[in-house]
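Taken from TrEMBL as is:
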| type | residues | note |
| --- | --- | --- |
| DNA_BIND | 18-57 | DNA-binding region |
| BINDING | G92, V93, G94, N95, L96, G97 | NAD(+) binding site |
| DOMAIN | 81-182 | domain 'CoA-binding' |
Amino acid sequence: MSNDTVKIPQATAKRLPLYYRFLKNLHSSGKQRVSSAELSEAVKVDSATIRRDFSYFGALGKKGYGYNVNYLLSFFRKTLDQDELTNVALIGVGNLGTAFLNYNFLKNNNTKIAVAFDVAEDKVGTTIGDITVFHMDDMEKVIKEENITVAILTVPAQFAQSITDRLAKVDVKGILNFTPARLTVPPTTRVHHIDLAVELQSLVYFLKHYTVDEEEVVE
Ligand SMILES: NC(=O)c1ccc[n+]([C@@H]2O[C@H](COP(=O)([O-])OP(=O)(O)OC[C@H]3O[C@@H](n4cnc5c(N)ncnc54)[C@H](O)[C@@H]3O)[C@@H](O)[C@H]2O)c1
């Protein structure tokens, strides 16, 4: 990862890809500066939060001028490692995994699913999108050859932990876990868990208990 010197809060870091995508669009339409109010309207984050976020990396907007789009873009590109291509492995080519293979991540950023793995005979050896599906028996070998450091887990939950243990042994540092299993990993591995049921429940809870305005203050 580049830019190790910049330590920003996790909540801010999570919003960076959102800002980045919007700034890229602004840049392609020829815009040179943007106000926090404009950004706020576009990315639906309140402008006080945007100003605080940007202050962490020294982008201090000027009153009446706003932020320089080029400066912000080059900062984000470095911070989000957009100059480097990160090759990702997808494990489990079922309903969810197949959908991810057909979705071209590269349109948005520099992460790309480079290889996929499964155990099912009818999947191994096929190509989905332009990605080849390898057998799990070859996982360690292929991951090393392709220099993979990030994996997406879309296998049945009961296999998630043992696969995670194997991934940690070949130095995969990031796991995006779509299975309901809670994973135990060494301190050098980072897991992001995406649980659609929990997200939906929390959305419904927020709709019931907060107005949208209150939620923005909480952010
Ligand atoms: N489908 C969804 O909408 C959805 C949504 C949220 C979470 N999930 C979770 O994502 C995971 C995958 O869901 P799905 O619907 O794609 O399931 P699926 O049954 O369609 O696909 C699972 C795939 O994993 C493969 N597999 C089984 N054991 C394996 C192993 N040991 N190593 C490698 N591959 C193996 C199977 O051959 C199959 O291709 C599940 O844990 C599920 O709970 C699914």
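Yeah, the Cβs are placed from backbone N, Cα and C, and that goes for glycine too.
Ranking the binding-site residues V93, L96 by how many other Cβ atoms lie within 10 angstroms of each Cβ puts L96 at the bottom. Other residues of the chain with a Cβ within 8 Å of the Cβ centroid of G92, V93, G94, N95, L96, G97, the NAD(+) site, are L90, T98, A99, F100, D118, T154, V155. When each of the binding-site residues G92, G94, N95, G97 is scored by how many other Cβ atoms sit within 10 Å of its Cβ, N95 comes out lowest. Helix, strand and coil content of the DNA-binding region (18-57), in residues and according to DSSP, is 29 helix, 2 strand, 9 coil.
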